[in-house]
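Features of the protein shown, as given by Swiss-Prot:
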| type | residues | note |
| --- | --- | --- |
| TOPO_DOM | 1-52 | topological domain 'Mitochondrial matrix' |
| TRANSMEM | 53-69 | transmembrane segment |
| TOPO_DOM | 70-75 | topological domain 'Mitochondrial intermembrane' |
| TRANSMEM | 76-94 | transmembrane segment |
| BINDING | His84 | heme binding site |
| TOPO_DOM | 95-108 | topological domain 'Mitochondrial matrix' |
| BINDING | Tyr96 | ubiquinone binding site |
| TRANSMEM | 109-129 | transmembrane segment |
| TOPO_DOM | 130-145 | topological domain 'Mitochondrial intermembrane' |
Amino acid sequence: MAASLRHMAHFQKALLVAKTAPRLSTIVRATSTLNDGASKVPDHSMHFKLERLWAVGMLPILPASYFIHGPVMDAVLTVALTLHIHWGIHGVVYDYARPYVIGEAAAKAAHIGVYLITGLLLAGLLHFNTNDVGITKAFELVFSL
């Protein structure tokens with residue numbers, strides 16, 4: 001009988017805890033429209049179109065840089081290549097270095113790294129253009145081999 005009373009007391013305590021503890025499967029009612037989630041995501045279609053237009057715009061610059069040498073063409077080619085490479089690397093990092101995949105700190109470091117790489121690329125190309133033969137003359141020298 002004593003064991004039965006102990007079990008009954010234990011059962012009553014468990015029942016009391018179960019009544020006062022929050023439920024894990026509580027139904028939460030939420031009202032939403034269909035476009036609520038979609039409005040929070042930025043639209044990258046315009047950026048994608050701009051990248052494609054930029055790439056198409058680079059098509060005449062590359063052959064022209066073989067025939068036209070000088071600081072202006074070097075600067076145009078430097079800016080065009082730097083932006084094209086930056087957008088490409090940024091797209092890869094944006095797609096594959098998301099915070100929920102690699103962690104918040106690593107994702108932030110990857111995005112900062114994109115801008116560091118772009119800055120170093122721009123500085124290196126500008127240094128090459130001003131202190132050496134320049135990009136267009138370098139292309140001519142490479143193709144003359």
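Our numbering is plain: 1 for the first residue shown, then up by one each step along the chain.
Note: Cβ is positioned from N, Cα and C throughout, glycine not excepted.
Remember, predicted model here, so these are calculated numbers, not experimental data.
Straight-line distance linking the Cα atoms of His84 (heme binding site) and Tyr96 (ubiquinone binding site), rounded to a whole number, equals 19 Å. Sequence-distant contacts of the topological domain 'Mitochondrial intermembrane' (130-145), counting only residues of its own chain at least 6 positions beyond either end whose CB sits under 8 Å from a CB of the stretch, comprise 65-66, 68-71, 73-74, 77-78, 81. Within the topological domain 'Mitochondrial intermembrane' (130-145), the DSSP-based counts of helix, strand and coil residues read 11 helix, 0 strand, 5 coil. Sequence-distant contacts of the topological domain 'Mitochondrial intermembrane' (70-75) (same chain, six or more residues past either end, CB-CB distance under 8 Å): 64, 129, 134-136. Counting residues per DSSP class in helix, strand and coil order gives 11 helix, 0 strand, 3 coil for the topological domain 'Mitochondrial matrix' (95-108).
Helix, strand and coil counts under DSSP for the topological domain 'Mitochondrial intermembrane' (70-75) come to 5 helix, 0 strand, 1 coil. A sphere of 10 angstroms centred on the C-beta of Tyr96 (ubiquinone binding site) encloses 11 other C-beta atoms. For the topological domain 'Mitochondrial matrix' (95-108), the model gives a mean pLDDT of 90. In this view, His84 (heme binding site) is surrounded by 15 other Cβ atoms within 10 Å of its Cβ, with every protein chain counted.
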